[in-house]
Amino acid sequence: LFFFILQYTFYKHLFRNRQCPEKCLLRRMCGDESTVTSVGFTPDSCYLATGSSGGELRVWDARYGHSVPLAMKAEAHDLGVSSLHFSPVVGKEEISALGKQYLLASGGQDTELHLWVVEIESQILGGDNTPIIALHHSLCGHSAPIMSVRFNANGLILASASGDKTVRLWDTIKLTPLAVLEGHKRYVTSCAFSDDGALVAAGSGDRVVHVWRVDGATSSVNQIPGKSVGKKKLMVRFPSQRFRENVKLVEWNCEDVCGWLVEQGLAEYSHNFRSHAIDGRELLTVTDEILEEKLGVDALGHRNRILRLVRKSSQDSLTKKEAPNAPPSEYLCPITQELISDPVLCADGFTYERVAMEAWLASGKRTSPMTNEKLTHLTLTPNRTLRTLIQRYKEENM
């Protein structure tokens, strides 16, 4: 009976640990004097890197647990580290007699993007197994703080998202820029690659997620940065709708049309449109029968969605012909979308129609109609300069 109870207790404890592994705290790592802003494991999970708002990079033993960091790089970024990521390939399998190396990317509030080599000396040759953090290269191009960095699955391409509203792609072998992905209206806070490297996603403060399809990305996962790799220059294949918003439908090429289909969730038809060479000019001539019989768009809702694009483009063209001197967008109130008669400047930096903005505030709202952020004050300042320009526009065109 004693052995039965002992065996029951043992298996009960084992089963409980397997069911609730998240409740098992392994270790605490203390040493940062400022906020820890980012963490990342090496691809073999042997080490852990942390970045702080004070600008330091630290490397910790992830397996055996030490209360102090194994290595630290002070002032890695002047204004703080905002994101870091290890290459998922470098250091995963290759172990040389001289030791092991990892490639670490870090972005900071100082608008700098750094590549670091984290090297661990081999104990066989008398090394003390202490990591060394050395700057490999700095990639320049962003004009605002870098908020996210991510390698693709084979480590050959690095993506960086920034407050300058762009995502930039970098060749980690040649250490050169590959592409700039634009379209967000506000700062870009995060980015990620799909597993096959064909897609890049980014999230932004404008509350929109953009997904870009990129061509020329190497699919091999066995190549190691530092070795010669031949590949085409990365190109954006399906740009965001924001790239085409100022381009007439008649000027779209076939890839623009297919890109629009993908964005609208109609990607299954893009092959038929491409095989029939349907560009913007041809799209303006399609009918409901052509969509169903020739292009294979069976669903009525999908056909209507495509035809609405055609009708909207035709209406926009007609409106422009009837009103060639349409007022500039800055003369229109963001709330009413009408020509402003009494412009006032709000705390968010945008100009509104006084009546519309007063009604906005009277409804109890204390956020910006444009950015949705809380207003620092509720004072409405007359914008006399814009009033003069609008008055002059009215005299000349009305």
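For all residues, glycine too, the Cβ spot is worked out from N, Cα and C.
Just so you know, TrEMBL annotations never went through curation; they're auto-generated.
Residue counts for the domain 'SAM' (252-316) under DSSP, helix first, then strand, then coil, are 46 helix, 0 strand, 19 coil. The feature domain 'SAM' is assigned by TrEMBL to 252-316.
The annotation domain 'U-box' is assigned in TrEMBL to 326-398. Across the domain 'U-box' (326-398), the prediction's mean pLDDT works out to 85.
Taken through DSSP, the repeat 'WD' (29-70) splits into 0 helix, 17 strand, 25 coil. For 29-70 (among others), the entry in TrEMBL reads repeat 'WD'.
Residues annotated as repeat 'WD' in TrEMBL: 139-171 (among others). When DSSP labels each residue, the repeat 'WD' (139-171) comes out as 0 helix, 18 strand, 15 coil, counted as helix, strand and coil in that order.
Summarising the annotation, TrEMBL assigns repeat 'WD' to 181-222 (among others).
Counting residues of the repeat 'WD' (181-222) by DSSP class, helix then strand then coil, yields 0 helix, 20 strand, 22 coil. Broken down by DSSP into helix, strand and coil, the domain 'U-box' (326-398) contains 26 helix, 12 strand, 35 coil.
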